[in-house]
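Record features, source TrEMBL:
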type     : residues : note
TRANSMEM : 72-97    : transmembrane segment
TRANSMEM : 103-119  : transmembrane segment
TRANSMEM : 166-195  : transmembrane segment
TRANSMEM : 207-228  : transmembrane segment
TRANSMEM : 240-265  : transmembrane segment
TRANSMEM : 332-352  : transmembrane segment
TRANSMEM : 364-381  : transmembrane segment
TRANSMEM : 401-421  : transmembrane segment
TRANSMEM : 459-479  : transmembrane segment
DOMAIN   : 514-706  : domain 'STAS'
Amino acid sequence: MATLRKDYVVARRVYSEDSFDEDHEKVYRVPLQRLDPMTCTLDCDSKRVKNTALSFLPIIGWMKIYRIKEWLLGDVVSGISTGLVAIMQGLAFAMLASLPPSYGLYAAFFPMLIYFFLGTSRHISVGPFPVLSLMVGSVVDRLVPVGGSPANFTSFEGLEPDEQRVLVASSVTFLMGIFQLAMGLLQVGFIVVYLSDTLVSGFTTAAAIQILVSQLKFVLGLVVPGYSGPFAIIRTLENIFGQITSTNICDLVMSILIMVVVFIVKELNDRYRAKLPVPIPIEVMTVVACGVSYACNFEERYGIDVVGNMTSGYQPPITPSVEVWQDSAVDAFPIAIVGFAVAFSVAKVYAIKHDYTIDGNQELIAFGVSNIFGASFKAFAASTALSRTAVQESSGGKTQIAGLLSAMMAMIVTVALGFLLEPLPRSVLGALVIINLKGMLMQFREIPYLWRRDKTECVVWVGTCLGATLLGLDIGLAVGLGVELLTVVFRIQFPMCSVLANLPGTDLYRNRKDYLHILEPNGVKILKMPSPIFFANIEFFREKLEQAIGCNPLRVLRKRNKAIRQIKKLVKNNEIPITEVCCFGGFLYQTNDESDMNMEEFDRPIDQKDLPFQINWNADLPGNISVPRVDIHSLILDFSAVSFLDISALKGLKTTLKELIRIDVDVYIVSCDVNILEKLHSCMFFDDEIQSSMFFVTIHDAMLHALEKHGRNKHKGWVVRNNYL
């Protein structure tokens with residue numbers, strides 16, 4: 001789009017903040033008291049009750065607009081397609097959680113029942129997610145290791161190892177749900193903004209690596225104990241390569257065959273997405289593998305590991321173990337955060353695509369209640385799987401009726417058809433898990449892109465990925481957050497300050513290094529601070545200010561005070577003559593016979609009006625006296641990008657401004673946010689030296705004021721002699 005090239009002329013007064021407020025009658029608003037919002041919240045009427053009910057039960061909102069003729073068929077087809085995928089993924093992801101495969105069907109059923117009523121997204125498929133399954137599995141392996149002694153919990157007494165594992169997984173999931181529900185009720189859904197896309201990408205890539213390594217034992221048909229904690233992936237790989245010669249060839253061949261076929265079909269689904277009415281649910285191929293395994297008796301002939309006994313029906317609810325809670329609280333919280341962050345990110349993508357809104361706090365409540373309910377019936381952590389959600393949306397799903405139907409399919413398999421999956425080789429499920437990692441593993445391609453565009457973001461990605469890969473997902477998430485916060489602190493603590501100059505013939509000011517034809521008026525410097533000023537960067541701000549003006553104002557002040565002392569001594573000893581009307585440095589002033597210089601501390605200015613002489617500090621001084629030159633008379637600080645000042649910054653800024661004023665540099669602050677101005681007034685920032693008249697509306701207002709002031713008053717009304725000190 002071409003820019004309109006047309007001149008415009010604006011004629012107005014030069015405004016300081018004070019004169020602008022006076023001329024335009026600024027309205028001073030009274031801030032709300034702390035209890036006012038609470039009072040508004042407690043006001044109860046029918047409309048507020050209705051809105052509250054709709055916010056807690058989003059199903060009411062979208063069911064009122066449901067178009068049966070247009071949406072129902074798509075939801076049914078989508079529900080069946082998604083259900084087939086959910087069943088197979090549930091079996092596979094249960095192994096990631098170190099649980100019997102049948103419990104994956106529980107995770108595909110119970111959480112979806114609750115989300116159907118409480119969730120605000122109409123398209124995500126709620127159920128097992130590989131990253132969460134692996135994080136839960138790490139806790140399970142730590143408390144109930146394979147081939148080792150379980151943790152000494154009284155709640156484990158009388159339970160088989162598999163039952164102990166289920167108790168650990170359900171207890172961790174229950175606690176995860178409590179965390180999510182609490183965050184939702186406390187309205188802290190904004191917490192997800194601290195997980196940037198770069199961090200999530202690096203984290204999920206590391207999770208994909210962890211998942212890939214964890215599934216190698218099934219693909220190769222090896223017996224490898226589960227490891228947890230830092231460097232668990234290295235110990236797992238060491239164990240796998242230590243017994244690589246014992247690989248079960250039948251498992252390996254089936255896994256490779258499954259991965260090749262599934263990969264090809266998924267590529268075809270992506271390539272011909274527009275032409276296919278429904279994506280081919282290739283995961284159903286596992287049924288074929290199951291039939292071949294049963295017909296050829298692979299378990300006995302080749303010693304492959306199969307799914308085995310599938311629990312039929314549903315068991316009564318259980319109570320979580322408080323002992324597990326005490327041991328796994330540190331693990332459950334990051335699981336809750338990651339589960340919500342992934343689900344919310346996916347939900348946001350589809351909400352934008354289909355033009356509806358989602359509520360982050362309500363999503364937290366929905367997932368919290370879903371996981372609490374599911375954990376009560378032995379399900380493990382639920383979120384949303386990207387591939388499953390893509391199937392639900394691309395196959396015509398319009399609402400969560402599709403999700404409900406997919407859950408019903410999982411229920412049918414659990415109740416009536418589970419026995420048909422008992423001969424299914426675990427290597428096939430492992431192959432399905434690995435091939436579904438393609439999207440997450442392809443995120444490695446972001447590294448060169450980030451390196452070219454933003455090296456800081458690249459550091460976040462690599463740091464998060466390495467931390468989560470080597471140290472474990474829970475510690476890795478903390479490492480990623482730490483690196484991300486450090487980059488934010490680094491950017492704020494060391495911002496890219498710039499010296500601005502004027503583009504001739506305009507009121508526009510830009511970085512003087514970016515343009516060839518740019519004007520920097522003599523005696524005026526403009527410094528832009530592009531970030532908040534607070535305790536961590538106030539010293540950096542002072543350093544940049546000193547670089548801009550070319551001197552240290554406090555050092556200059558001390559040197560001047562010392563010079564005045566020396567000059568006074570010279571005058572007193574008659575080494576320098578002084579007359580009734582005398583001039584030093586080209587400026588003429590009246591003397592005062594009764595004045596007697598009262599020296600103060602070097603950090604305080606000496607009022608030269610009380611001295612029998614005045615000094616031009618940029619001229620040559622007598623004897624060996626030297627004082628750093630100050631080549632500017634005005635400094636303009638552009639605060640347009642300064643969003644806040646803390647108390648430490650206020651003190652540092654006040655000190656800096658006084659140092660500048662005391663060496664005869666006029667300081668003007670422009671484009672200051674109104675909230676900062678109010679804070680300056682409330683913190684008693686202004687005094688005899690620092691006045692509100694120093695604040696101007698724009699850079700150009702301050703520039704015109706400074707040039708007018710120093711251009712008009714220069715030597716006016718005085719006879720200048722060529723007498724210099």
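Here the Cβ of each residue, glycine as well, is placed from N, Cα and C on the backbone.
Because TrEMBL annotations are produced automatically, they should be read as predictions rather than curated entries.
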Which of 103-119, 166-195, 207-228, 364-381, 459-479 contacts the transmembrane segment (240-265) most, counting Cβ pairs under 8 Å: 207-228
Same-chain residues at least 6 beyond the ends of the transmembrane segment (103-119) whose Cβ lies under 8 Å from its Cβ atoms: 56-59, 86-87, 89-95, 97, 125-128, 166, 169, 311, 314, 362-363, 365-367, 369-371, 373-374, 377-382, 400, 403-404, 406-407, 410-411, 413-414, 418
Same-chain residues at least 6 beyond the ends of the transmembrane segment (401-421) whose Cβ lies under 8 Å from its Cβ atoms: 71-72, 74-76, 78-80, 82-84, 86-87, 90-91, 101-102, 105-106, 108-109, 112-113, 115-116, 124-127, 287, 290, 307, 310-314, 392
Dominant neighbour of the transmembrane segment (332-352) in 72-97, 166-195, 207-228, 364-381, 459-479, by Cβ pairs under 8 Å: 166-195
Best-contacting stretch, by C-beta pairs under 8 Å, relative to the transmembrane segment (207-228) and drawn from 166-195, 364-381, 459-479: 459-479
Residue numbers, six or more beyond the limits of the transmembrane segment (364-381), whose CB comes under 8 Å of its CB atoms: 56, 94, 97, 99, 103-104, 106-107, 109-115, 118-120, 126, 128-129, 132-133, 135-136, 166, 169-174, 176-185, 188-189, 314-315, 317-318, 320, 335, 339-340, 343
